[in-house]
Amino acid sequence: MNVYGTELNSRLMLGTAQYPSPAIMAEAVKASGCDIVTVSLRRESGAERAGQAFWGIVRELGLKVLPNTAGCHSAKEAITTAEMAREVFGTPWVKLEVIADHDTLQPDVFGLVEAARELVSQGFEVFPYTTEDLGVADRLVDAGCEVLMPWGAPIGSGRGLANVPGLKTLRSRYPELPLVIDAGLGLPSHAAHAMELGYDAVLLNTAVAKAGDPVIMAGAFARAVEAGRAAFLADPIEARDMATPSTPVFGMAFQD
Amino acid sequence: MKVAVIGAGVMGLTAAHALRVRDPGCEIEIHERSEAIGAAACSRFAGGMLAPWCESESAEPLVTALGQEALEWWPRVLPSTRMLGSLVVAQRRDGTELDRFARRTRTGEAIDATRLAGLEPDLGGRFGRALFFALEGHLDPREALQVLACELERDGATLSLGSDARAGDLDADVVIDCRGLSAADELPDLRGVKGEMLILRAPDVAISRPVRLLHPRFPLYVVPRGEGVYMVGATQIESGERSRISARSMVELLNAAYALNPAFAEAEIMETGCDARPAFPDNLPRIRRRGRVVHVNGLYRHGFLLSPALARMTAGVVFDNQFHPEVMDEDHRQRRTA
């Protein structure tokens, strides 16, 4: 897949927060085979940019870094964080999160569109964390976003795809635009499901970081993403209400 | 033998203690940069929980294995150590966090609301269930540092406060470098993990053992210090910053205390604290021998839990040339010259 002119080999993107240690994070990232890691700046910064040591570990992974604005509650906060991220990581990429509700971590889609417009005008390449709402998707694309990241379910909930018909509609509305399921996945089967629907990639963090063995779980997600993608390309059969014998039955009259 | 210890945090003091126990004739001088014991050590802000099994929820098995030495060591050295166990609770809607915690740890007993009220009447009725780790304990870190320092001085160790000595300046056969995060100048893979804490005085609340409140975003704990004083900790932020508690962290810490018992709302905020824990990339401690200098560092959030075991190993390294592969990834012994 190609995002903002960058060709990616892996369709799995992994977050770097919440692991038992940076060493386990690095191993999990390797096991996942991902090309892109996200890193949160807000919580790990502080007045003196004292998060250097951890950012150094993330940089040493040698992968593309997608800084995010996790925990920002207004367009203004998200824009400031994005500017800082560009300086720290030297990338125009930003995963834009503007959070509406402290408890559910639902995106504030109004603030999101506002921040996306401003950041695109400043030359950022924005990956907006959004809902499956089509009206919002249209506005983000109008604002200049060349990729959308709709949620599967609320951040960290591990519920899988909460609104499958809505996600299918979004996919069919934007058949060519890169669409990445971001947030809410708990199991590899959830990731496979997203890929089977034709989504281009998935992004996750908690499901791997908080697993009992993050390294094994990262590998499991990698294989699920590959399997789901292959299934999508192979054009799966439709579900039907009646059984269809897979062995031809000779000599029997057709039933109608 | 003449041994110099740099740093009078929990690691430096326990190491000095272990050296003295191993060889009472050994001449020990301790150099501490601050003017008072514990004034500049991150040990000052520790929770002081002796909880090898609770910690295993996120720590490597080595922490649980080494940490069990602390359960026997601290009560012997510090009589005020309380071995009353520890409790883990979650708000009703976060019950799955409690299930996961139980699944991933050992020795915790699932108890119901009645049993919980029996152990801690002030938590009664607030939580439907809890986990009780009966074998764990807690201590007051600042008192522990004082007691260790006094005992060492009484037994003949020299304590130089306000001393910025470096290994190169010291005339000693062996230098034990326990400077914590300050040693990042010589240990480049050492990083700081910022922690913030509060000390509250809440005379209306009576809790006698550490209580952890699980929460998907901010798992926090309250440790009683006696006489209505409680330590509430601690955030974990990937940052080497050693000052400045943020408003956000303060709110999270206060919310945790309030969730345990609303009477904490009336508490007096006696102190806010912030420092950075020294940690290696795998969050496990290291003993690194480089010539006559032995670095003991990277105890991360487990200073009081791991220092007794690391101190014992350090004494073994110094006196008996021991090699402990589980914590030693480098071993550059002093070259013996004729």
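Just so you know, glycine gets a Cβ as well, placed from its N, Cα and C.
Curation plays no part in TrEMBL annotations; they are all automatic predictions.
From a predicted model like this one, the values you see are computed outputs, not experimental measurements.
Within the model, the domain 'Thiazole synthase ThiG' (A:3-248) carries an average pLDDT of 92. Residues or ranges marked as domain 'Thiazole synthase ThiG' by TrEMBL: A:3-248.
Annotation comment: TrEMBL describes A:LYS95 as active site, schiff-base intermediate with DXP. Sequence-distant neighbours of A:LYS95 (active site, schiff-base intermediate with DXP) (same chain, 6+ residues apart, CB-CB distance under 8 A): A:THR38, A:LEU66, A:PRO67, A:ASN68, A:THR69, A:PHE127, A:PRO128, A:TYR129, A:MET149, A:ASP182, A:LEU203.
Counting Cβ atoms from all protein chains shown, A:GLY184 (1-deoxy-D-xylulose 5-phosphate binding site) has 24 others lying within 10 Å of its own Cβ. DSSP classifies A:GLY184 (1-deoxy-D-xylulose 5-phosphate binding site) as coil under the three-state reduction. Per TrEMBL, the feature 1-deoxy-D-xylulose 5-phosphate binding site maps to A:GLY156, A:ALA183, A:GLY184, A:ASN205, A:THR206.
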Listed binding-site residues (A:ASN205, A:THR206), ranked by Cβ neighbours within 10 Å, top entry: A:ASN205
Three-state secondary structure, A:ASN205 (1-deoxy-D-xylulose 5-phosphate binding site) (per DSSP): coil
Chain B neighbours, restricted to the recorded positions A:LYS95, A:GLY156, A:ALA183, A:GLY184, by C-beta under 8 angstroms: A:GLY156
A:LYS95 (active site, schiff-base intermediate with DXP) in three-state DSSP notation: strand
Cβ within 8 Å of the mean position of the Cβ atoms of A:GLY156, A:ALA183, A:GLY184, A:ASN205, A:THR206: remaining residues of the chain near 1-deoxy-D-xylulose 5-phosphate: A:GLY15, A:PRO154, A:ILE155, A:SER157, A:GLY158, A:LEU185, A:LEU204, A:ALA207
Among A:GLY156, A:ALA183, which are binding-site residues, the residue with the most C-beta atoms within 10 angstroms of its C-beta: A:ALA183
